[in-house]
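Enquirer: One structure follows; several queries about it will come next.
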């Protein structure tokens, strides 16, 4: 590339005068403006032009030598056709003696300026082609150009029909186009040789330019013999232009990407590449025009004209456009007569359109440019297709053909020599867009279209590297980790525009060029043409072909409605890429043996100059490095891939992509609860990863992170399968299903590896313990990966999630072993000792809980740590239950082992509460732990009370321990908070109070001596009975418990009455006992209600009703309690009657006592009659009791009122 100084030197001096609507900016100014991003318009009202030299290989500009008058240009100068220091390496090119530009010149430029292709530039072409297009309305000569579309950029190249047909005669290629062309012009094709005059004019021009750079030593003629040789050499050079055409795709696949292909003309041969903006058209133009400078003329173009032939319009346009494209403000014209120099004339670029005999409108040229571009944009719609813009010599009709479509009808569609360069360019543009870090996702549709069109053009067997890479890039376009937000596609463009064009005609100036093609009738109704301009005159009409179309068809990214569809699309591209890689891998045994008689060609060509498919390896390597650099292994794979080869690198990336896609599919299946399918996909993901590991020894941290994610998901799936054992058959069926695509990808993986590295994690077991164990191993493996790499610190959130899962699975396994131990315990009936199997299960369960607690504590997850501590407490309670005496119930005592394990359980529950800190952190868990702690204290106290260890401890000590445990149980039993557990808490509290009251009642009965202690026990018993009754009164489903408490209270009153001596004290106690009896009415009402509901149920026993109904009463218990109640009520009433009667004899006129006595006698007589009726049903007996209690309550109330 030329440096900035060279590029800047191409511009004219600042402040160049503006005349007739055109002005030019210096190169420095235009570059500066471009950098600032502001639009600069050159010229006044007619046209705007701006040129920026992007590249220049020209040497520093030197002043031209003004030749003396009468200099004979027919004599060659001494330096003719020789290199010169003033010319630099491109000397002959600068001076116009090179061959004409190669057929692929636009591709060479496109490769060099890949950033501009597809978006920024409308046209890439040789300046000669641009000029030829803009002169169409003025010229009768033929036009034959190949047009290709890449994104919104059109590539224009000359399509030399003569050369093609010469090639066809020699090789048999392109016969289809030859036949088509002959049908088109309706006559045999004949090649016309260029005239002697043509070669004479070229030689004169060449000698003139050499004289102009040779300075004082210019006019040094050489011998006529030398001149003839040089001239002959020049003619031969010019006449052999055909060698620049590449061979079509006829080479065997083994050499299809050989470096020698770079000689096919894909290099950028131009001295200058210029970004030319003409009005609103942005063009990348290649130019070889010699530019002189220095002294008075900083930048001029030099032209030679025959003084006898005036400049015509075509020549004027030619000169004007050349100067405009190269930003040259002046033209120096040297006039000669028969090769003898006459004079020089300086012309400003702006003055050229107004020269005599060469008058043309710059505005019309602008209209022609805009119309031609619009015409091509509207009709060259298919990316990758080769279009042929053709105008026969002398014709006014311009036609556009789609050669790709015509070629596809032939036997070998790869006969089109443009196919490969177009495919490479499509690939390079896509690759360039992909490698841009900040590439907006909205361009993904464009990239995808470029790549798909590239793939359409390539033969799979001949270009596996590009095909594999393109497929990989297609797979990279789809974001697997998040749903793709689709953007609305733009309205699709009409690919084959059949607009009717205007048929107006106008006279055009005669051409001064002799056409080498025969004029044909050119019927305008050619069915093979994509589009037709019926008259070149239409091109001069402003906005005649104003494009209403977009440059490209809709490139919207495909809408994938769900994750599976997106992943399947990715996997289809991955599979195609893998197939390409696999097909290109040949083991040494398959390679042909070297023939000793055949020389091995040595290639000395510079690597950097490559332009064909062989030059893509460097670009692909860059792309792969961009996506994640690879560490090379030092071994060969099973398939024979060489580490570091393109196959090795590409297969690694494709395999990694497949593993990601399968992981996302597995995750999606997991969310749909399709666990069998999820396990199948994660198995494929891990098999892909295993193959990756086999190919790549040094693992990247990114890949290790993927593996940790795969194993985490695998652990999740195994856990869910363990928890959903009911659908095992369905899961199994889904797990074993395989699509054809999956099988083919797996086949490619098996070429490199056995894929068994993670088989332990992906087997679908029917054993619950095995599934839980595998899940745990997956999480443990993930934890190890994160621990022994930098990933733990780089991905703290992922690490926390893994530890949470480890804690959770260890809890699950702990619970599993704990439940197994409990099951064994329930089966153990005869044996008194704990079995070794039970103890082993306890150890396993405890170990899992302990590790899980450690996992949660390490990430400060207090809630889950508390839950696991709670489960450990439950395990301790199971251990305690296992140690209870299994012999005779009457001889059983609460054992020290039971006490030990219950106290351990209490310790774990208290740790859980400490872990939570306060209820605010997690109220539900806090309440649950409190309940379990209360239950443990209650169970331990109950067992100590029921099976008092009197052989080891004194009665008083046991009573004290029971009392303390019961009070602690009450402390952790929340009866006030409204929740689903509140009735249970109330029942528990009532039961505790009942048991404490019973215990103090029993102590009072059995205790002699210490009156203070007896009084304390009496008070405590009364207090707890009262609290128990109140709490049972709140419950709707505990009438029997309430009745029992009240009967015990009555018994307690009776016991107190035995120690009383005075009748008054006894009457008071009896009155209190009868009041307790009255308060049992609520319990009897509840029993009555349930009995009535039972009777109301249909005899057939509707299952649904039975299910919804509350648990039926224990009739046996109710009858037992009722009998006790009847006997105690009868006893109390009788005692009351006796005491009141004896009191009445001693004292008279006590109205209250009389009323009570009367009421009690009446109730007592009714009770005796009721109890005597042995045929009465339970409900009838209850009804009688409720009735009697009502009378008793009414009598008590009446007596109270009388007293008042």
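Backbone N, Cα and C define each Cβ position, glycine as well.
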Enquirer: Any idea which of 530-557, 558-585, 586-613, 614-641 is down as region 'Disordered' in Swiss-Prot?
Expert: 586-613
Enquirer: If Swiss-Prot is the reference, give me the range from 483-527, 663-707, 708-752, 753-797 marked as region 'Disordered'.
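Expert: Region 'Disordered', as annotated by Swiss-Prot, spans 483-527.
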Enquirer: According to Swiss-Prot, region 'Disordered' applies to one of these ranges: 130-174, 175-219, 220-264, 265-309. Which one is it?
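Expert: Region 'Disordered', as annotated by Swiss-Prot, spans 220-264.
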Enquirer: Using DSSP, what is the helix/strand/coil residue split across the repeat 'TPR 2' (920-953)?
Expert: 24 helix, 0 strand, 10 coil
Enquirer: If you run through the repeat 'TPR 1' (693-726) with DSSP, how many residues end up as helix, strand and coil?
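Expert: Split by secondary structure, the repeat 'TPR 1' (693-726) comes out as 28 helix, 0 strand, 6 coil.
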Enquirer: Considering every residue in the repeat 'TPR 1' (693-726), what is the mean pLDDT value?
Expert: 90
